[in-house]
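K.L.:
Once you've had a glance at the structure underneath, I'll fire off some questions.
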Amino acid sequence: MTSRPRVVRALLCAVIAAAVVVPVARSAAAAPAFNYAEALQKSLWFYDAQRSGALPEDNRVSWRGDSALTDGADVGVDLTGGFYDAGDHVKFGLPFAATMTMLAWGALEEPAAYARSGQLDHLKANLRWGTDWIIKAHPEPNVVYGQVGKGDDDHRWWGPAEVMPMARPAYKVDASCPGSDLAGEYAAAMAAASLVFRDSDPAYSATLLTHARQLYSFADTYRGRYSDCITDAQSFYRSWSGYQDELVWGAIWLHKATGDAGYLAKAETEYDRLATEPQSTERSYRWTIAWDDKSYGAYVLLAELTGGDRYFTDANRWLDYWTVGHNGNRVRYSPGGQAVLDTWGSLRYAANTAFVAMVHAENVTDPVRKARYHDFGVRQVNYILGDNPRSSSYVVGFGQNPPRNPHHRTAHGAWLDSSKTPEISRHVLYGALVGGPSTNNDAYVDNRDDYVANEVALDYNAGFTSALVKLYDEFGGAPLADFPPVETPDMDEIYVQAGVSQSSATFTEVKMFAYNRSAFPARAVTDGVVRYYFTLDGATQPGQITATANYNQCGAPSAPKRHAGAVYYVEVRCAGDIAPAGQSAWRREIQLRLTSAGTWDPANDWSYQGLTAAQATTDNIIIADASGVLWGETPDGGTPDPDPDPDPTPDPDPDPTPDPDPTGPVVVQHRTANSSPTENQIRGAVRVRNTGDAPLDLAATTLRYWFTGDGAQSFQVWCDYAAVGCANVRMSVVRLPSARTGADHYVQIAFTAGTVPPGQDSGEIQLRVAKADWSPLDQTDDHSYSGATAAYRDAPRVTAHTGSTLSWGTEP
């Protein structure tokens with residue numbers, strides 16, 4: 001909101017600026033002009049990119065898809081939707097709710113500017129996306145869910161949100177273990193948002209206000225820090241400031257939303273217990289408003305609401321610390337003019353303070369402070385947008401030389417569970433404010449792995465967005481007419497590469513890889529099929545063609561199926577998902593051999609065309625799933641039935657007859673990483689020892705870890721580390737055609753390269769196996785499980801084959 005006409009304020013500020021020297025780098029009047037409408041437009045779009053759940057039809061981010069569709073299933077509450085916190089995929093409730101409050105505050109300050117900029121509907125859509133989730137997260141008056149996803153598990157994996165493989169537990173606070181800070185911030189967010197929707201959707205506004213009242217009552221009645229109960233949050237968003245600030249903050253926003261004087265009285269009473277500086281009676285001033293501490297916002301809003309001197313004194317002291325200093329204390333400044341409070345996310349703190357400083361500037365009557373706080377806010381935002389010694393923007397996709405590689409998994413578009421590949425992020429995360437310089441030196445490097453400088457987050461853009469709408473209102477600008485752009489794939493996403501391994505007068509063997517590095521959006525190929533087309537030569541009949549697989553990470557090849565005329569195909573069904581989710585997840589290998597008892601000439605085979613001994617991309621081998629053909633062309637250019645002959649239980653590749661006693665120079669050693677035999681993953685490591693006199697070729701060696709699946713679920717398998725490199729390790733889970741004692745599946749570990757010298761070992765190979773639904777696995781009856789041991793020991797029940805010969809161990 002504005003307290004007087006803009007032109008009057010501008011003239012007043014100009015007069016003051018001419019008479020008063022303010023020791024804060026350059027004055028706002030000297031700052032370059034920026035298109036604040038474009039910056040606002042893009043900053044709001046960043047929140048669209050952070051959405052979780054089933055996306056709406058008007059989704060504005062072409063490279064985002066549905067994700068995390070089972071959130072809350074573990075507790076029987078629908079917790080889908082909401083926003084991912086940062087460049088990871090945890091939903092952290094406290095910073096998320098603080099973001100919603102700050103965005104709503106900006107809308108209430110400048111409703112006309114939002115409408116004029118064309119961004120009001122986008123703001124409301126994102127606010128509603130957030131408050132809809134808070135409604136879900138508040139299923140009972142005294143129950144609040146404050147986190148979905150386990151921080152460490154989430155952070156260990158690097159990939160797009162649409163194909164997350166890890167379990168996502170939900171965490172709550174309730175009367176038995178409360179979180180006044182969490183519930184109080186939820187109350188503030190709901191109350192502030194209710195004001196935004198009051199005129200356009202009064203029924204929804206009333207619903208938000210009902211939740212806000214209940215949430216505040218819960219926060220006030222059952223007191224405690226949320227991170228003492230949701231302990232997983234302690235390493236990420238611990239409630240350092242406690243809950244007193246949220247009790248004041250929530251009451252302020254409920255008073256603003258209801259007009260109830262009781263809430264204002266409550267805010268003033270609780271205000272007396274806000275923190276002070278150490279060994280001082282002065283209210284805290286050497287920090288700022290952020291996800292954890294709302295005291296500084298309370299100073300400003302209570303000054304506005306009551307006109308009380310103590311509130312103005314506290315607010316002025318805080319903002320003086322950020323500008324000219326107070327009692328010899330002043331926030332650090334860089335040579336280029338950035339106010340630097342802390343190492344991590346320094347620009348976030350500057351932007352938050354800038355917004356609230358500009359709000360307070362409209363309420364103070366002292367003309368010196370009015371200009372000081374206003375100009376400080378303008379200067380900090382302009383620094384972010386490019387008025388800095390680097391002449392570079394800190395907002396992705398805006399201005400000159402903006403960041404290109406923020407620390408953001410989905411925007412990166414990785415497929416190998418690695419932040420290194422690809423080098424340049426595949427998507428532009430428009431509007432995202434990066435953390436910025438880690439100290440007061442104006443230095444910054446666009447490095448994805450430097451998460452201090454390049455992290456992006458919901459709360460980073462919160463005060464920044466609200467500051468931008470104020471600058472748009474004052475200085476103008478125009479939103480881009482053609483925004484957002486629709487991104488198109490930058491490379492083949494789902495595709496096949498193949499090469500000829502062997503060929504003779506009676507057979508052809510082709511090594512094929514089905515790949516998935518999709519990112520537009522990322523998606524899994526579920527229960528897909530790979531089809532290889534060939535032509536029957538002369539009088540050869542379909543029954544004279546035998547399809548086998550020497551090595552196969554999918555199911556057994558089918559019998560020949562007629563496509564048209566003499567053209568047939570065989571298909572290999574790949575159960576489970578091929579997804580851009582890691583080394584062992586993004587591709588499947590199939591070594592297909594077609595053998596003819598009649599005549600055989602591959603030269604006229606559709607899928608053979610263009611193949612050489614070297615692996616190369618081919619359009620003539622099909623990948624399809626239930627939705628249709630995902631890659632490739634059929635011989636006549638048509639599109640076949642995506643699944644003409646489904647077989648729900650395809651035969652696996654293994655020979656059901658146990659192999660004879662082992663012979664060979666191979667010893668397999670194993671250690672477990674499970675603390676309990678009934679966890680939701682099989683975790684361990686193996687290594688291969690060469691006891692012979694000649695080098696051992698790992699490419700000719702295959703290991704099998706035998707286990708019981710405990711149900712009909714499909715499995716996921718990961719190579720977490722390998723001394724020979726996970727890129728050289730191929731892992732898959734194979735179901736046996738009939739169960740054996742101690743096993744109905746095995747994990748097959750194969751190698752594409754590597755040798756082990758005599759008397760040495762391969763080094764460690766770490767593996768994990770889990771069900772698709774992450775339900776528990778009981779290892780006590782597994783053939784290859786030998787009890788918990790952290791040390792390597794010989795594992796005669798983990799078998800090894802050299803070629804087709806059992807060279808170590810005993811099968812079940």
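Placed from the backbone N, Cα and C atoms, the Cβ positions cover glycine too.
Just lifted these from TrEMBL, have a look:
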type	residues	note
SIGNAL	1-30	signal peptide
ACT_SITE	H407	active site
ACT_SITE	D446	active site
ACT_SITE	E455	active site
DOMAIN	489-636	domain 'CBM3'
REGION	630-682	region 'Disordered'
DOMAIN	662-812	domain 'CBM3'
K.L.:
Cβ distance under 8 Å to E455 (active site), same chain, sequence separation 6 or more: which residues?
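P.N.:
Set apart from E455 (active site) by at least 6 residues yet with Cβ under 8 Å, we have A86, G87, W344, G345, P406, H407, V434, G435.
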K.L.:
Please count the residues of the domain 'CBM3' (489-636) that DSSP assigns to helix (H, G, I), strand (E, B) and coil.
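P.N.:
Here the numbers are 9 helix, 76 strand, 63 coil.
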K.L.:
List nothing but the one residue from H407, D446 whose Cβ has the fewest other Cβ atoms within 10 Å; the candidates are the active-site residues.
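P.N.:
Sparsest of the active-site residues H407, D446 by Cβ contacts within 10 Å: D446.
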K.L.:
Need the DSSP three-state call for H407 (active site) to compare against my parser.
P.N.:
strand
K.L.:
Suppose you look only at the domain 'CBM3' (662-812); what would the mean pLDDT be?
P.N.:
87
